[in-house]
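Student: Feature table excerpt (Swiss-Prot):
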- 9-239: domain 'ABC transporter' (DOMAIN)
- G45, S46, S47, G48, S49, G50, K51, S52: ATP binding site (BINDING)
Amino acid sequence: MSQTQQALLQVQHVSKHYHDGEVTTQVLSGVDLTVYKGEQLAIVGSSGSGKSTLLHIMGTLDTPTSGTVLLDGEDLYQLSSARQAQIRNQDLGFIYQFHHLLPEFTAIENVAMPAFIQGRDKTQALVDAKNLLERVGLGHRLQHIPAQLSGGERQRVAIARALINKPKLVLADEPTGNLDASSGDNVYAMIRELAQQFGTAFVVVTHDHKLAAKMDRQLTMKDGILQVVAATSPTGLAE
């Protein structure tokens, strides 16, 4: 990243707590973070540190108790639920530890599904899905359902699905957590290459310090507070 790198997503003073009767649990505490266009950012931390909650808030899958989240300057939590859903479909991609592929659909259909939901031409969506699957090395597995794919192959399908609508930002929650070391390395290589090819930003929540160390920036989450671990850019700092 360069000094002129443009901000894509800004998390401003975000806090999150839950109430259970008279007990209040603070999950996030005044988090500030800028994600830049095209960068790869890792957030590491122990279970329960708040990193997945932060990722969900960034993706409008959970609501902050306080604070602001801006995507290209648009305040996500001042929008209607319909507009939020549109942003999730068009501007955001999601990858999870457990791929969440639809079991009755083939690999190509799973990848094309977000494009179908967007209302794109079905024939073109399938062409785009085929191209992405070929890009991640699965051109020979287009018509296989998830049960016929290995764990690494299913995760590659999930990565292709996350990219089908050419999102500005992909949010990945433990994308290598269910894979062996070799498959995990392959997933990272694909993230890096696809980020460079499409200019997509990636935020990856992970326990995998080896994976995190390869990203442009590495932050750690502890007790709901973000801290800088490493950055390859002079702009790569949490505010």
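Just so you know, glycine gets a Cβ as well, placed from its N, Cα and C.
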Student: List the other residues in this chain whose Cβ sits within 8 Å of the Cβ centroid of the ATP site residues G45, S46, S47, G48, S49, G50, K51, S52, in sequence order.
Tutor: T53, M221
Student: Sorted by position, what residues of the same chain at least six away from S46 (ATP binding site) have a C-beta under 8 A from it?
Tutor: H207, K222
Student: So what's the mean pLDDT when you look at the domain 'ABC transporter' (9-239)?
Tutor: 85
Student: Any idea which of the binding-site residues S47, S49, S52 has the thinnest Cβ neighbourhood at 10 Å?
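Tutor: The binding-site residues S47, S49, S52 were compared, and S47 has the fewest Cβ atoms within 10 Å.
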